[in-house]
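K.L.:
Following this message is one structure expressed as structure tokens.
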Amino acid sequence: MDGWRRMPRWGLLLLLWGSCTFGLPTDTTTFKRIFLKRMPSIRESLKERGVDMARLGPEWSQPMKRLTLGNTTSSVILTNYMDTQYYGEIGIGTPPQTFKVVFDTGSSNVWVPSSKCSRLYTACVYHKLFDASDSSSYKHNGTELTLRYSTGTVSGFLSQDIITVGGITVTQMFGEVTEMPALPFMLAEFDGVVGMGFIEQAIGRVTPIFDNIISQGVLKEDVFSFYYNRDSENSQSLGGQIVLGGSDPQHYEGNFHYINLIKTGVWQIQMKGVSVGSSTLLCEDGCLALVDTGASYISGSTSSIEKLMEALGAKKRLFDYVVKCNEGPTLPDISFHLGGKEYTLTSADYVFQESYSSKKLCTLAIHAMDIPPPTGPTWALGATFIRKFYTEFDRRNNRIGFALAR
């Protein structure tokens, strides 16, 4: 493969850097770490099982969902989690019940499957379930919660309990899910989701978990940062890590370059162009870009991605764009113009060979995704981008910082 990445069949294992499940117990004065594992995405799992993605229909690639709480409904852009590849662990209750979760800057609520989920829902059988009767700190709320995904409805009710994340304990309102569609969640290696977004995105305006952590005053800074390991060949490597309260200089080099958010309430910034090689091809007049840790790929509007793929010579195959693998190393660089600086991805960063696919075709980690107003139209910079650029989310100053990952 001439040094460029191969998508692993099964994800990276956690490198054990201490005895604590949720963080380093000795790290009490600076910041807290959450170690991440890498997993096969739901889409990868479906392909490995020979599922014809075309038969599932286009709704499987759509990003728009509606969230409902009680009698209130609001449109919120959420990752569909079909391509999510990284998860960490949290504990809920006293004593803690451990769950694998996606940490998602594109949403703001916490939810996990509930022991009250009927075994008729196969997805619940395959996941860890929260049992309120086993927690001495549990408090009942009961407000109905529904997340309407394009692939099915996830619903349940709100509860309150102590959540342990990165060695920090916080009293948190979260969703206990009692109804989950078998597809896609039966194939997900993660149990639930921890939203790292703003309260403006939270259904029912439930205070997000990071806001509650900030209010405790236990962090050095009101920031959190993401590192995704690019060493996908080494199964013993750390899949990645989240740092609460700062950034880890072991995983980036140089200084951070900061870009202010478009507005408070969403992790979205201004982009001034997308270049292929030396030519600015897209977004010449400016556009928006979400920085989305819940997504694996980079995405843009259908019209933008079609133009980009034409320039790259890529062909569409179901929901993916592919090239001949021997052409991959010759593809041009793609640069994203953010805050007066170009962030460049080489073909090694955005082309990969799927272990279950023909060796003659390789997939581009770039997808089309049409996000409607008011958040869209917008690009979304997911793990494809974050693997190359260590990313810091600064709540105090409403900005995002990037530094070259190492």
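Each residue's number is its place along the chain shown, starting with 1.
Glycine is no exception: its Cβ is also placed from the backbone N, Cα and C atoms.
As annotated in Swiss-Prot:
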type	residues	note
SIGNAL	1-23	signal peptide
CARBOHYD	Asn71	N-linked glycosylation site
DOMAIN	86-403	domain 'Peptidase A1'
ACT_SITE	Asp104	active site
DISULFID	Cys117-Cys124	disulfide bond
CARBOHYD	Asn141	N-linked glycosylation site
DISULFID	Cys283-Cys287	disulfide bond
ACT_SITE	Asp292	active site
DISULFID	Cys325-Cys362	disulfide bond
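Mind running through what each feature is packed against?
P.N.:
As a whole-number mean, the pLDDT of the domain 'Peptidase A1' (86-403) in this prediction is 91.
Of all Cβ atoms in the shown protein chains, 21 besides its own fall within 10 Å of the Cβ of Asp104 (active site). DSSP classifies Asp104 (active site) as strand under the three-state reduction.
Residue density at Cys117 (disulfide bond): 20 other Cβ atoms are found within 10 A of its Cβ, drawing on all protein chains shown. DSSP assigns Cys117 (disulfide bond) to coil in the three-state reduction, outside any helix or strand.
For Asn141 (N-linked glycosylation site), the Cβ neighbour count at a 10 Å cut-off comes to 14, with all displayed protein chains included.
Non-local contacts of Cys283 (disulfide bond) by the CB criterion (under 8 A, 6+ apart in sequence, same chain) comprise Met271, Lys272, Gly273, Val274, Ser304, His337, Trp379.
Asp292 (active site) is surrounded by 29 other CB atoms, counting those within 10 A of its CB over all protein chains shown.
Taking all protein chains in view, 20 other C-beta atoms sit within 10 angstroms of the C-beta of Cys325 (disulfide bond).
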K.L.:
Comparing the disulfide-bonded residues Cys124, Cys362, which residue's C-beta has the most other C-beta atoms within 10 angstroms in this structure?
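P.N.:
Sorting the candidates by Cβ neighbours within 10 Å, the top entry is Cys362.
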K.L.:
Starting from the Cβ of Cys287 (disulfide bond), draw a 10 Å sphere and report how many other Cβ atoms land inside it.
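P.N.:
Its Cβ shell of radius 10 Å holds 20 other Cβ atoms.
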